[in-house]
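Enquirer: According to Swiss-Prot, the feature transmembrane segment maps to 50-67. Marked as domain 'TNase-like' by Swiss-Prot: 89-257. Marked as active site by Swiss-Prot: Arg140, Glu148, Arg188. Residues or ranges marked as Ca(2+) binding site by Swiss-Prot: Asp145.
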Amino acid sequence: MRWPPWSSKTQEPTIADDKQQNCTSLLPVTTNQTDKAAILDWAAFTELRTLIPTLILTTAILSAARFHRSYLRRFPDAPSIDAAYFRRRSIYGKVTSVGDGDNFRIFHTPGGRLAGWELLPWKRIPKGKKELRDNTIHVRLAGIDAPELAHFGRPEQPYAREAHEWLTSYLLSRRVRAYLHRPDQYQRVVATVYVRRVLDFPIPFRRRDVSYEMLRRGLATVYEAKSGAEFGGDAIEAKYRNAEWWAKLKGNGMWKGFRRNKEFESPREYKTRVGLEEKK
């Protein structure tokens, strides 16, 4: 019986209705309802307001990864250098040691100071031999042969020490750019190397070809091996030979009085002679 008696049917208590709603909420969702919800969820991913930011973010991540791999990836030593770099790319780094008159080691610093090298705490260049071990690239200067220092029981050539001392003073602790030609059999990279110096008269910061500078000072000869010679092009080879010719004419370095010295021996002749003697 309704109470009060004058109340309408629409004003009846809804206890039964509430029970029915509660039971309905406990029933499992039908397949049609699930499919409909899934369709609604996927539709959100196809909207422009979702697609455009996602596309921008993905492109940015992939571009950053490619840029890092191409320009900011550091090579710890010569064997680790990607083959795609040879004859196409260069590396930038700081010279940590000079082993001979025509080879030295650099710590690869891709991007240089712009990438934070020697500015950020986690991009410091090691100084100790232990930290630098297996962490530097061994570079062989392209296109030249310097007199040999005494090693492996072999005697020292005339002007070997002068060539080594000059190269050390010219490059040690300086930043250089090496244009890579190829690896050699001694786990080095043959490269044309350039350096910029602040106190370079008459033009400061002028880019200098290290091999060329050694040739014109008479501290090296043009590389004369029958195979494996690397110059970086015919124009550079001609430039090197011209520099050697003038050094001979002026009597610079090792060429001083070489015409009168019957015992004069070029670095290539020295290596050939010593190699034949060791085979005996």
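Cβ coordinates are placed from backbone N, Cα and C, and glycine is handled just like the others.
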Enquirer: Out of Arg140, Arg188, which has the highest number of nearby Cβ atoms, where nearby means within 10 Å of its Cβ, if these are the active-site residues?
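Expert: Highest number of other Cβ atoms within 10 Å: Arg140.
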Enquirer: Distance between Glu148 (active site) and Arg188 (active site) at the Cα atoms, whole Å?
Expert: 17
Enquirer: Using Cα coordinates, what distance in whole Å links the residue listed as 'Ca(2+) binding site' and Arg188 (active site)?
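Expert: So the Cα of Arg188 (active site) lies 15 Å away from that of the residue listed as 'Ca(2+) binding site'.
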Enquirer: Average the pLDDT scores across the domain 'TNase-like' (89-257) and report the rounded value.
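Expert: Result for the domain 'TNase-like' (89-257): average pLDDT 94.
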Enquirer: How many whole Å apart are the CA atoms of Arg188 (active site) and Arg140 (active site)?
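Expert: That separation, Cα to Cα, works out to 6 Å.
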